[in-house]
Amino acid sequence: MWIEKINLKHYRNYTAIESEFSQSLNVFVGQNAQGKTNFLEAIYFLSLTRSHRTRSDKELIQFGQKELNVSGLLNRVNGKIPLEINLSNKGRTTKINYLKQPKLSDYIGTMTVVLFAPEDLQLIKGSPSLRRKFIDIDLGQIKPIYLSDLSNYNHVLKQRNAYLKSEKKVDTDFLFVLDEQLVDYGSKVIEHRLDFIQNLTKEADKYHFSISNQQEHLKISYLSSVKFDHKKNIRDNFLNLLQKNRQGDIFKKNTSVGPHRDDLAFFINQMNASFGSQGQHRSLILSLKLAEIELTKTVTGDYPILLLDDVMSELDNYRQIKLLEGIKDNVQTFITTTSLEHLQQLPKKLKLFTINQGKVLSE
């Protein structure tokens, strides 16, 4: 798939612009704080309905304005698809082919993206919430039922925690009903994640083995707060653990186990990657991103759109070349940079844009 054009109205520092893109490589050059990252963020926003940089929707709306609008024309194997998102203090509306979508899960997945940004390097040593977010974003794009199960799980989790925090005497029968619902959705979430990590590991290991000159193997492990030896045992073990921890949950007024507590661990040659070098971390994340591209193609039948936000400066010449080698000809790619000087072996077929103070000029 590839995005043919995009329109931004009152998005960050962009008042009103329309840009058309190359089907292959698009490079945005500009000094810092001119709007390069904002532009890539808008493409990400059109795909996932939210920013990867902030949880505050208000920050996305241009100062002094009440709403923003992002629209674009997507090309997929089955034809052209107009997409549109409108965001205001009343909420957001999403449209596919000019038709309003009742749920975000009906919209997300239409346009898939893989983002590689400097903050992705925190994935290995950062907090578990970063790694759960990584799973939720990537898996949610290629498996809509995952978003539905996750949303239902979070809804019941919120209910359970609110009930535990209430001053009422705990009704164990009512709590058991919540536990049953939590386990129903939570066990599905865990199973979705296990399948995803298994498939991602296969692809990522191939890339990492190549990037490391056939010296290193990569493994990703899913660390569940619910212990099990087989998928069929997840539900029963989850329910038993909730009951075992019930008094502790009542005392702490919080739910102590479930997929909202789960984590990932990365291993290079069976050693925890958190103890690895910066070079190994960069190779690992690069392998993950290339694996995401292949996995998206395998599941959806379309390559995703690749967004490289100022990461080329984070990679040495060797890893830049490996990245560009790993990008297939039919993967539309967007790169932001302050200079073309440190970019290695860029193909001749590219479209160059200059960004200055919220203005986008193509060359």
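Even glycines carry a Cβ here, placed using N, Cα and C.
Swiss-Prot lists G30, Q31, N32, A33, Q34, G35, K36, T37 with the feature ATP binding site, giving sequence analysis as the kind of evidence. In the three-state DSSP assignment, the secondary structure recorded for Q34 (ATP binding site) is coil. All protein chains shown were included, and the count of other CB atoms within 10 Å of the CB of Q34 (ATP binding site) stands at 20.
Listed in sequence order, T338, N356 are the same-chain residues six or more apart from Q31 (ATP binding site) with CB atoms under 8 A from its CB. Other residues of the chain with a Cβ within 8 Å of the Cβ centroid of G30, Q31, N32, A33, Q34, G35, K36, T37, the ATP site, are N38, T336, T338, I355. Taking each Cβ in turn and tallying the other Cβ atoms within 10 Å, the top scorer among the binding-site residues N32, T37 is T37. Of all Cβ atoms in the protein chains displayed, 24 besides its own lie within 10 Å of the Cβ of G35 (ATP binding site).
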